[in-house]
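As recorded in TrEMBL, the features of this protein are as follows:
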- 28-251: domain 'RNase H type-2' (DOMAIN)
- Asp34, Glu35, Asp142: divalent metal cation binding site (BINDING)
Amino acid sequence: MDLSELDRDSTGRCRLSSPVPAVCRKEPCVLGVDEAGRGPVLGPMVYAICYCPLSRLADLEALKVADSKTLSESERDRLFVKIEEDGDFVGWALDVLSPNLISTSMLGRVKYNLNSLSHDTATGLVQYALDQGVKVAQVFVDTVGPPETYQERLQERFPGIEVTVKAKADALYPVVSAASICAKVARDQAVKNWHFVETLQDLDADYGSGYPNDPKTKAWLRKHVEPVFGFPQFVRFSWRTAQSILEKEAEGVLWEDSATGHQEGPGRIMSYFSKGPQTHPHLPHRYFQERGLESATTL
């Protein structure tokens, strides 16, 4: 799996796909959607689709695909190779969403939460398959959030396709299991071969599972937080675990035009993302203060 595009730019997203099997442009197909890496504080989130003709679904099942979370890394790699070998009737595509993209989306002025990002990415991949000429007849999706509302949204978006959204779909439908394997193999490879653009002292490649409650992951975050610039782009700085470490380890910030007499002390980095009321009066820029300029209330 070639993730060189992610290596060149690890701040956005990249899409990879297999060639579309000729039979998938001729016969009605079933398509599965799943993701890997939704919860970790480290590394990208990967969404994947896998599809094949309805007439060849039994052949896909014969590969013995299963929920990727129940398989070892070597088993997932072996099954992905088999999926690739059966490229005459099985196709796949995936979107790799970088930690930077996830965090900037969630902390932007207009908030774009993880559920919405997930839904839109899944929808985009289904549309991508259609744009490539795949005759999609059925779609099975592992849910994010309430399955009923998610299914209703997808059904409205793709009225000519039979859509099913279920919890644990990766354990119920082989085509979703295949998608979960593609997603997990891609994420594992991206994490293992992550290209750090930052110069890190004594980089420790053992960061545990990457999940927020993993003590090894927390220790890695504390070790590699930079007091002024924060975390490497490998980290989802919008996660609560990362924010807590920033609050404790990062330097305080005092803007140049802030009047110190009105502040109890410099604010922490994450305080500028706070939703709560501001306790200090908003002062005009120093340019206006030095020239005695005030906003005109009447003309």
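Cβ from N, Cα, C; glycine included.
Quantities reported herein were computed from a predicted structural model and do not represent experimental measurements.
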Most Cβ neighbours inside 10 Å, all chains, among the binding-site residues Asp34, Glu35, Asp142: Asp34
Model confidence over the domain 'RNase H type-2' (28-251), averaged pLDDT: 93
